[in-house]
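Trainee: Can you keep this structure in mind? I'll have questions shortly.
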Ligand SMILES: Nc1ncnc2c1ncn2[C@@H]1O[C@H](COP(=O)(O)OP(=O)(O)O)[C@@H](O)[C@H]1O
Ligand SMILES: O=P(O)(O)OC[C@H]1O[C@](O)(COP(=O)(O)O)[C@@H](O)[C@@H]1O
Ligand SMILES: [Mg+2]
């Protein structure tokens, strides 16, 4: 097998052969590489070649020309946008081991850090990074940076090895601890230099990825031989481009328990409403998926939809009908839903957490009291109960389920292979079911909101039969 040069990964625009049914070209997203700014680095054969137990079969190494398409559903009719605008289809380098690497295992000093809120599977990703680096590539200097970004410059890193982490995949949370805020670019990059880290694995959400972009840029500016990989974790699935984050499916599964309980409470009361608030600051994916899988939900409210309470076509009218028909109703709300309805003090309008994220008010508690007011006003003499369940931290502070654990392993291994191959400033992630490398800059700014015009939201509407809240 021939060594392919990193230059071959540079931005490519390849034409699909002329054919009336495939008139599009492909635009390969440029994946940053250490040789972009350190041109004298020399490639080495992959040390996996020397593994005495596992002999990589033909096709094991991923070629530079193998890509994953960003979009796999296209409209090829002549007047569709893809065809009429001739805009190329975006593609990403496929993730996986490369025949050539840019690190000598004995020279590697790897750092792993977790930032932001918890997500099921963080410990699995850490474990797999440690085990993968150690077992596949023979790396012996692997460190955990504790307490998030601030840990780089305020704490001593801890040494990690496979024995220490062997059962971490069974534990929720992050054994390295995490935090919000504390992002001090110069102090962080100084610490990376001071400790001699040359591979940095950063596990975190959208905020963390924006920080990782800054770290990557500063490392390039200082021309350091340090590769940076971001590993996206987002329990509420608000990061774009990737299909989903690890931990999302576990969170949806956990949410079922809360919805079941709300259903039972509601069914067991006269005019009972079961109300569940699920995570999702700006996106309603958990609420949507939990609603679709539960089938007990009468109405699902997410940040992406506008809704109103009073009058024709409003929530109260709908719930009144459901209570009349069924005697009970289940309402699932995402934490970011209806935020603009809740009255706020000036101080509350400005309140932010340490990372700068807006602090949301509790929509669940607010809507519960609004429901009670409405009922007392319109039906003073009839029994009515609202049982509010807020399983916020329960759905994310648990170990990952089997599917998510598998995802954690593959995303960690993808990160290791990419870094070993000299890629930097990238994120490994699932795109249309395949693992790919995406520039971190792109991931840091890609939002993943629920598209209320697509079929998935239409399914929610057909499962719940809830109103579309379009004022008559
Ligand atoms: N725009 C940004 N630039 C640099 N660092 C950021 C930025 N936004 C957030 N961070 C840092 O990233 C870390 C995690 O961010 P946060 O928003 O709390 O969680 P998440 O990464 O899960 O979205 C924090 O240490 C925060 O200071
Ligand atoms: O109380 P905390 O830990 O600051 O986090 C609460 C927030 O964390 C999340 O679970 C995830 O947010 P991040 O992706 O920013 O970590 C949000 O849904 C929630 O609002
Ligand atoms: Mg976030």
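Placed from the backbone N, Cα and C atoms, the Cβ positions cover glycine too.
Remember, it's a predicted structure, so these values are computed and weren't measured experimentally.
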Trainee: The ATP site in TrEMBL includes 180, 181, 205, 206, 207, 208. Which of 117, 121, 132, 138 is also listed there?
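Mentor: Record source TrEMBL; matching candidate: 117.
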Trainee: Which single residue out of 335, 346, 449 does TrEMBL record at the substrate site shared with 234, 235, 236, 279, 280, 281, 393, 394, 395, 396?
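Mentor: My reading of TrEMBL gives 335 as the candidate in that site.
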Trainee: Within 8 Å of the Cβ centroid of the ATP site residues 117, 180, 181, 205, 206, 207, 208, which other residues of the same chain have their Cβ?
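Mentor: Other same-chain residues near the ATP site: 115, 116, 204, 355, 357.
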Trainee: Can you tell me which of the recorded positions 234, 236, 335, 396 is spatially closest to residue 180 (ATP binding site)? Compare CA atoms only.
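Mentor: In terms of Cα distance, residue 180 (ATP binding site) lies closest to 234.
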Trainee: Using a 6 Å cut-off on Cβ distance, which of the recorded positions 181, 205, 234, 236, 394 come close to any atom of ligand 2?
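Mentor: Result: 205, 234, 236.
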Trainee: Closest of the recorded positions to residue 280 (substrate binding site), Cα to Cα, picking from 117, 181, 205, 236?
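Mentor: Nearest listed residue in space: 236.
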Trainee: Can you tell which of 117, 181, 205, 207, 280 has the most other C-beta atoms within 10 Å, given these are the binding-site residues?
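Mentor: Output for this query is 280.
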